Structure formats: C-alpha cells, structure tokens
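Going by TrEMBL, these are the annotated features:
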- Gly98, Ser99, Gln115, Gln116, Phe117, Arg118: GTP binding site (BINDING)
- 1-10: compositional bias 'Basic residues' (COMPBIAS)
- 11-33: compositional bias 'Basic and acidic residues' (COMPBIAS)
- 24-179: domain 'C-CAP/cofactor C-like' (DOMAIN)
- Gly2: N-myristoyl glycine (LIPID)
- Cys3: S-palmitoyl cysteine (LIPID)
- 1-33: region 'Disordered' (REGION)
Amino acid sequence: MGCFFSKRRKAEKESRPENEEEQPKQYSWDQREKVDPKDYMFSGLKDETVGRLPGKVAGQQFLIQDCENCNIYIFDHSATVTIDDCTNCIIFLGPVKGSVFFRNCRDCKCTLACQQFRVRDCRKLEVFLCCATQPIIESSSNIKFGCFQWYYPELAFQFKDAGLSIFNNTWSNIHDFTPVSGELNWSLLPEDAMVQDYVPVPTTEELKAVRVSTEASRSIIPISRGQRQKSSDESCLVVLFAGDYTIANARKLIDEMVGKGFFLVQTKEVSMKAEDAQRVFREKAPDFLPLLNKGPVIALEFNGDGAVEGCQLIVNEIFDGTKMFVSERKETASGDVDSFYNFADIQMGI
C-alpha cells in the first residue's frame with residue numbers, strides 16, 4: 001500500500017513538461033537578508049572614531065576587539081556586545097537586550113545600558129551604567145561605576161526594542177566574584193561626576209547627526225543615588241500604577257522632588273502579585289489589589305528630611321485624582337525597611 005502524498009507528487013512530476021525544470025523550494029529563512037558579521041564588528045582599530053547610527057545594528061550581536069585609543073559609539077540596540085582586549089578606549093553602547101561582557105580591557109571609559117553586565121580580567125574601567133540585573137566583576141581591579149546619563153531622540157524606542165525598562169537600574173549593586181581581603185576592586189564615581197568628561201559627545205560629521213545630550217535633566221534614565229550613603233534617616237516610597245501616563249507622571253514626580261532638594265535613591269518597574277501587595281501596602285493592600293491587574297507598577301524611593309510630607313504635598317497638588325501609594329510613615333535606619341522598600345524579590349516587568 002503506497003502513500004497518498006507520494007502518489008500525488010509522482011503524478012505532479014509526470015504532468016510537468018519535459019523542458020521545464022523543477023524549481024527548488026523556497027523557505028521563509030531563505031528570504032531573510034544575509035547578515036555580514038563584519039558589519040557588526042570593530043576589530044584592530046587604533047586612533048579612530050567609529051560608530052553605528054540608529055537602525056544600523058537593529059538587535060544584532062556586536063563585537064569590539066583589539067582596539068586602542070579609539071572612540072566607539074553604537075547608537076542602536078543590540079542583542080549582546082562583547083568587548084575584548086581594548087585599551088584606552090571611549091565606548092558608548094545603546095540598549096543591549098542581553099549581556100555586555102568586557103574581557104582583558106584596560107583604561108576604558110564607557111556609558112552603556114544592558115540586561116546583564118560582566119567584567120573579567122580588566123583594569124581601570126570607568127562605567128556609567130544602566131543594568132537590569134546585578135553587575136558582576138571577576139579578577140578585575142579599579143572598576144568605577146556611575147549612573148547612566150545620556151539622551152538622544154531614538155533612545156527611548158531602543159530601550160523598548162531591547163526589552164529594557166528605564167526604571168530597572170541596579171548600577172551600584174556590584175557583586176565581586178573574586179574579592180581580595182583588605183582591598184576593594186570596585187568603587188563609585190564621585191556623585192558630581194559629569195558624563196561628558198568621561199564619554200564626550202562624538203564630533204565626526206557622521207555621528208554628529210545623532211542629537212545627543214548629556215544634561216542630567218534630559219537623561220532617559222532617572223539618575224539615582226543607588227548604594228551611596230543616604231543623607232537622611234527619612235525615606236519615602238511612592239508606587240505609581242499602570243495607566244496611560246504612568247511614565248510621564250513618574251518623571252514629573254522625580255523632577256518635582258529633586259527640585260525641592262530630595263534625593264532619588266532607586267527606581268523599579270515590577271509586576272506585583274497579591275502577596276507582594278500585602279507586604280508592601282500592608283493594611284491598604286485591598287485598596288490597591290484591583291489596580292495590579294492593569295500591568296507593572298513603578299516604584300520610586302526618595303530620601304531626605306521631610307521626604308514623606310514633601311511627597312504627599314506634591315502628589316496632592318499636582319497629581320490630584322491619580323491613584324498612587326505614598327508611604328505614610330517615616331522609615332528610619334532602624335525601621336522595617338526591608339519589608340517596606342525591598343522590591344528586589346518581586347518579578348521585574350515592563
């Protein structure tokens with residue numbers, strides 16, 4: 001007994017004219033544009049300024065290797081970026097969906113955003129970082145970190161394309177796999193460090209087409225103090241629920257609070273479950289549970305004397321009618337900070 005489909009194929013072959021050749025089958029992957037790895041690589045360069053404009057990388061993997069005294073700017077989102085054996089380079093990387101991995105690099109200054117950040121066998125790196133997970137260093141020394149500070153018009157869309165939230169940034173929460181007793185292999189850059197003094201805006205005609213700003217007030221990433229010592233025992237937590245203007249409201253609140261002298265400590269965008277709400281909102285949890293179904297929330301922590309009262313006043317004056325949670329207690333260093341502020345164990349979402 002033969003197969004029905006094999007009989008049909010045989011009949012089709014016999015019915016084809018003798019002078020007509022059988023055309024090869026076309027598959028969807030045959031229609032894809034061919035990728036040349038050389039378009040996604042900078043290798044063996046010295047004393048050059050090079051880069052890629054928005055739209056030219058479009059989520060591909062990128063490799064930077066064996067470069068010396070170069071200025072390198074990737075104004076697009078990537079899948080992963082590996083940087084090997086580079087010395088005395090300035091590097092900007094647009095949002096990276098996966099990992100950025102530095103290996104055997106020396107005396108480099110960088111600004112970058114990624115899901116994962118790793119450094120191995122490196123010396124003297126200065127990095128303005130946005131990283132969704134805990135940054136890791138290994139067998140490295142004199143690594144300094146600051147908060148990502150950069151803007152150009154396409155950057156917000158590139159963050160979305162890379163699946164990164166501008167509010168999930170653990171830039172200062174460093175893990176050292178190879179600590180040395182009595183020494184610290186990493187530290188934080190001075191709080192008043194200006195990103196343009198480390199990673200200046202490109203000056204070549206091609207790259208000047210990207211309208212870059214390094215002003216703190218325009219940074220796509222909210223500039224947070226991270227793990228720096230708090231200036232006050234008083235902190236305030238604000239949670240904004242998903243809606244049409246959540247991101248705009250969060251930015252407005254940050255501007256207002258910082259403008260009044262308070263400090264932004266950390267930000268998070270998280271998907272909250274009922275048990276998370278019980279832990280964070282406590283007795284007010286029933287009021288906010290229905291709002292969690294609309295999507296991830298944005299959480300902001302501010303610090304400074306009078307932060308709670310100051311935040312309540314701003315919310316009442318500017319955001320009247322917008323549902324927000326504002327802590328109503330003055331949390332101190334001896335208070336129940338872990339249960340009230342720690343969003344680290346809540347699943348991150350965008």
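Note: Cβ is positioned from N, Cα and C throughout, glycine not excepted.
Location within the structure of each feature annotated in TrEMBL.
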residue: Gly98; record: GTP binding site; CB count, 10 Å: 15
residue: Ser99; record: GTP binding site; CB count, 10 Å: 17
residue: Gln115; record: GTP binding site; CB count, 10 Å: 18
residue: Gln116; record: GTP binding site; CB count, 10 Å: 17
residue: Phe117; record: GTP binding site; CB count, 10 Å: 27
residue: Arg118; record: GTP binding site; CB count, 10 Å: 19
Looking only at the domain 'C-CAP/cofactor C-like' (24-179), what is the mean pLDDT? 94
Can you list, in sequence order, the residues of the same chain other than Gly98, Ser99, Gln115, Gln116, Phe117, Arg118 whose CB lies within 8 Å of the CB centroid of the GTP site? Thr80, Val96, Val100, Phe101, Cys114, Cys131, Thr133
Site extent for GTP, whole Å (max Cα pair distance, Gly98, Ser99, Gln115, Gln116, Phe117, Arg118): 11
